[in-house]
């Protein structure tokens, strides 16, 4: 029975739970890697060895956090659990494919871990640029294993994307229009479209890199008429939509939390929110070369990518101000999920502002590959995506488990995490402006103070992670059952109780048009 339920599952709730557990586990691994990075940088001099092992850790940290933590939790975990419940579907459109999407991830994770144990590991950075990723600078199988890992994770995501698109378009009640679905459902739909369009380009790029390394092709080798810049274009045509894939489901989660704990029936500007997400999704595909301002592009090309990138701030601003308008006049409950959501809105906005700075090609030429960039994307990921995940988790934990978290521990957890991530990443803006480059394991001692503070912050965040583990244990040990849930008519995922029965919506749902 155990094997049938958990290995061969076709139930969206069980598969969602598997994704959440896998993502939590990978998140621990990714956190451990980040602690190694910050320990190395806590003071000048060397702790772990040379730059190769350091860059292997940095590369693994990025891949683990992106492909095995944020995406499985947001899309696989929350997506699987909530999308069918929110649209009144009995399950996903392709339940067995859903199971395969999940089970491609553990082998993918294994390949990534193995890649760092053979030869000297893949110390390429998550971008895997040739010629550093070529077979001279990285002889041996490590980069090849990392590429295979990416292939598996990519196939998993593409299949999941097909499944979500089909489910959301086809499995609504006949009378329900697409514009009556909740914003989280919209965010997953748009994310799935982005995945479907961007991942094949990554697959093409890394497959060409694989043949360059092993079959003597020269796609990215000037000696044979290739061009390493082509790889950068292919990678970032995937890589930029990818960062929006990481944050869009978070937008959906935050919309639900802000609406719910403001006591509102609906978010402010529903249609504006939907169009904003669609605009962000579209614009995300036409700004990729802002990651490449330093490779020597024409001034008119740089002008285009600068202005196109800045345009994304407009739909993003629509979302931020709509969240604030949703709060306005509401009966605000200062619950832990609401704290995460408010933290998200503020810190994501700060990260967005540094993004506007980096969008200027003239400034980016100075700031490219410095800690300013690291600070920017960790503000939108470590305090955007992660805060959304935490907010969604503490908000929907009673739905998933049937038990309530201890609110005091949840607030302690939030406070520690808030202090930790800000202490870690705010000083990195100063390091970047002072010219400290990324991806080095050592630095001149002029940079010591801010690095020491940054590393101190990472240990505060580590403490927060441990508090979270305790908080989850405490909830399951105390078994406080959910008494009642408010606002169920406008939050239909709660209608079936906590937790909902194994099968929901077995008979078709009829809604008034």
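Using the three backbone atoms N, Cα and C, a Cβ is placed for every residue, glycine included.
As recorded in Swiss-Prot:
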TOPO_DOM  1-11  topological domain 'Mitochondrial matrix'
TRANSMEM  12-40  transmembrane segment
BINDING   40, 45, 441  Na(+) binding site
TOPO_DOM  41-50  topological domain 'Mitochondrial intermembrane'
TRANSMEM  51-86  transmembrane segment
BINDING   61, 378  Fe(II)-heme a binding site
TOPO_DOM  87-94  topological domain 'Mitochondrial matrix'
TRANSMEM  95-117  transmembrane segment
TOPO_DOM  118-140  topological domain 'Mitochondrial intermembrane'
TRANSMEM  141-170  transmembrane segment
TOPO_DOM  171-182  topological domain 'Mitochondrial matrix'
TRANSMEM  183-212  transmembrane segment
TOPO_DOM  213-227  topological domain 'Mitochondrial intermembrane'
TRANSMEM  228-261  transmembrane segment
BINDING   240, 290, 291  Cu cation binding site
BINDING   244  O2 binding site
TOPO_DOM  262-269  topological domain 'Mitochondrial matrix'
TRANSMEM  270-286  transmembrane segment
TOPO_DOM  287-298  topological domain 'Mitochondrial intermembrane'
TRANSMEM  299-327  transmembrane segment
TOPO_DOM  328-335  topological domain 'Mitochondrial matrix'
TRANSMEM  336-357  transmembrane segment
TOPO_DOM  358-370  topological domain 'Mitochondrial intermembrane'
BINDING   368, 369  Mg(2+) binding site
TRANSMEM  371-400  transmembrane segment
TOPO_DOM  401-406  topological domain 'Mitochondrial matrix'
TRANSMEM  407-433  transmembrane segment
TOPO_DOM  434-446  topological domain 'Mitochondrial intermembrane'
TRANSMEM  447-478  transmembrane segment
TOPO_DOM  479-513  topological domain 'Mitochondrial matrix'
Can you tell me the three-state DSSP label for residue 368 (Mg(2+) binding site)? coil
Restricting to the same chain and to residues at least six past its boundaries, which positions have a Cβ under 8 Å from a Cβ of the topological domain 'Mitochondrial matrix' (479-513)? 11, 13, 82, 84-86, 88-90, 173, 175-176, 180, 256, 259-260, 263, 265-266, 396, 398-404
Any chance the transmembrane segment (407-433) and the transmembrane segment (336-357) have 3 or more Cβ pairs under 8 A, given the pairs are 6 or more apart in sequence? yes
Does the structure show the transmembrane segment (51-86) and the transmembrane segment (447-478) touching, where I'm treating 3 or more Cβ pairs under 8 angstroms (sequence separation 6 or more) as a contact? no
Could you check whether the transmembrane segment (270-286) and the transmembrane segment (183-212) come into contact, where contact means at least 3 Cβ pairs under 8 Å with the two residues of each pair 6 or more apart in sequence? yes
Out of 40, 45, 244, 291, 441, the binding-site residues in the record, which is closest to residue 368 (Mg(2+) binding site) when you go by Cα distance? 291
Tertiary contacts of the topological domain 'Mitochondrial matrix' (328-335), as residues 6+ beyond its ends and Cβ separation under 8 Å: 261-264, 268, 407
Distance from residue 244 (O2 binding site) back to residue 441 (Na(+) binding site), taken between C-alpha atoms, in Å: 29
Beyond the flanks of the topological domain 'Mitochondrial matrix' (87-94) by 6 or more, those residues with Cβ under 8 Å of it: 10-12, 80, 162-164, 166-168, 170-173, 176, 181, 185, 492, 503-506, 509, 511
With an 8 Å cut-off on Cβ-Cβ distance and a minimum sequence separation of at least 6, pull the same-chain contacts of residue 244 (O2 binding site), or say none. 191, 194, 280, 281, 284
